[in-house]
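Chemist: For reference, the structure I am asking about is given below.
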Amino acid sequence: MPVGTCGTVKGMTPEEVVETGAQILLGNTFHLWLRPGQEVIRAHGDLHDFMNWQGPILTDSGGFQVFSLGKTSKITEEGVYFRNPINGNKVFMDAEKSMEIQYSLGSDIVMVFDECTPYPVTYEEAKKSTEMNLRWAQRSRDHFDSMGNNNALFGIIQGSVYEDLRDESFEGLSKIGFDGYAVGGLAVGEPKEYMHCILEHVCSKLPENKPRYLMGVGKPEDLVEGVRRGIDMFDCVMPTRNARNGHLFVTGGVIKIRNAMHKNDTSALDPECDCYTCHNYSKAYLHHLDRCNEILGARLNTIHNLRYYQRLMESLRNAIDQGTLNNFIREFYASRDM
């Protein structure tokens, strides 16, 4: 899922996003609540109407800001107090408020309010966070239902790197009942092998008939390893943020288009890619745009990176359908070692 934090995938029109193959966008509840605010969005209908996106929208709950704005936030049983990063004012978010904001946004997939458990964290701290998250999940479920929201509500499995806490989290969420399950609290500083072990453990417990969503994890190899373990959905700012910084994903790995070696390169960025950028522009032109800090460069790079990610997911789905996933994964890593 491309990330549209403030109601836009940076530099892209909705039509361009669709052309990359993306079917669903992620919006940020916290940032949209602060700016432009619920009233402005509701005056247009909902977030779909406001940003002219006709596909589904998943919104995070605002809980990740508990983690990312940690130095300016205070967590209580009731909810979280933040400093507004725009003007410094004190604001409060809780499970009920999060459900109300996401309802007003018209989110097709709503996420429960949670705390993204940091790393490193002691077992005792992780357990306390896990248990509080379950109470917040119940409050989210209750308020979601009380509003008559007919869209989907996903639970978020936390517990840091502790398998028994991950089990406790999932068991508690499954008793409450959700339309899908997300795995949160990974790629927050833990070693990669820890992430893979936790992911494998958690996915072995999840029901096969409900979507599985790995939150905020998005290197190409992370998508491959997630799918290998049974994950269906991903989001990450990496393809768009890296595009704006001139780091472009290609079949063999990553090209840093700013490097001088591309100044006279008339070849396409990735001969295997079918995106607008690869069909129409050379590495030399993209290098030139990057060096001149032209907006078009960031746009063309973003088109390519988003299409690369969609092509990767399409290839993984096809490999699953054909029973050749293991072969595809071997070839994926072999191509990146070239």
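In case you wondered, yes, glycine gets a Cβ from its N, Cα and C as well.
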Chemist: Among 225-229, 240-244, 270-274, find the range that TrEMBL records as region 'RNA binding'.
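Modeler: Among 225-229, 240-244, 270-274, the range TrEMBL annotates as region 'RNA binding' is 240-244.
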Chemist: Of the residue ranges 83-89, 216-222, 321-327, which one carries the region 'RNA binding' annotation in TrEMBL?
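Modeler: From TrEMBL, the annotated region 'RNA binding' range turns out to be 216-222.
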Chemist: Gln23, Gln138, Gln158: which one does TrEMBL list with Asp60, Ser61, Gly62, Gly63, Phe64, Asp114, Gly185 for the substrate site?
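Modeler: According to TrEMBL, the candidate sharing the substrate site with Asp60, Ser61, Gly62, Gly63, Phe64, Asp114, Gly185 is Gln158.
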Chemist: Determine which of His201, His247, His262, His304 appears in TrEMBL for the same Zn(2+) site as Cys273, Cys275, Cys278.
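Modeler: Candidate listed by TrEMBL for the same site: His304.
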Chemist: So how many of the residues in the region 'RNA binding' (216-222) end up helix, strand or coil by DSSP?
Modeler: 3 helix, 0 strand, 4 coil
Chemist: For Cys273, Cys275, listed as binding-site residues, tell me which one has the smallest number of other Cβ atoms within 10 Å.
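Modeler: Output over binding-site residues Cys273, Cys275: least Cβ neighbours within 10 Å is Cys273.
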Chemist: Quick check on the region 'RNA binding' (240-244): DSSP residue counts for helix, strand, coil, in that order please.
Modeler: 5 helix, 0 strand, 0 coil
Chemist: Could you find out if DSSP has Asp60 (active site, proton acceptor) as helix, strand or coil?
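Modeler: Reduced to three states, the DSSP call for Asp60 (active site, proton acceptor) is strand.
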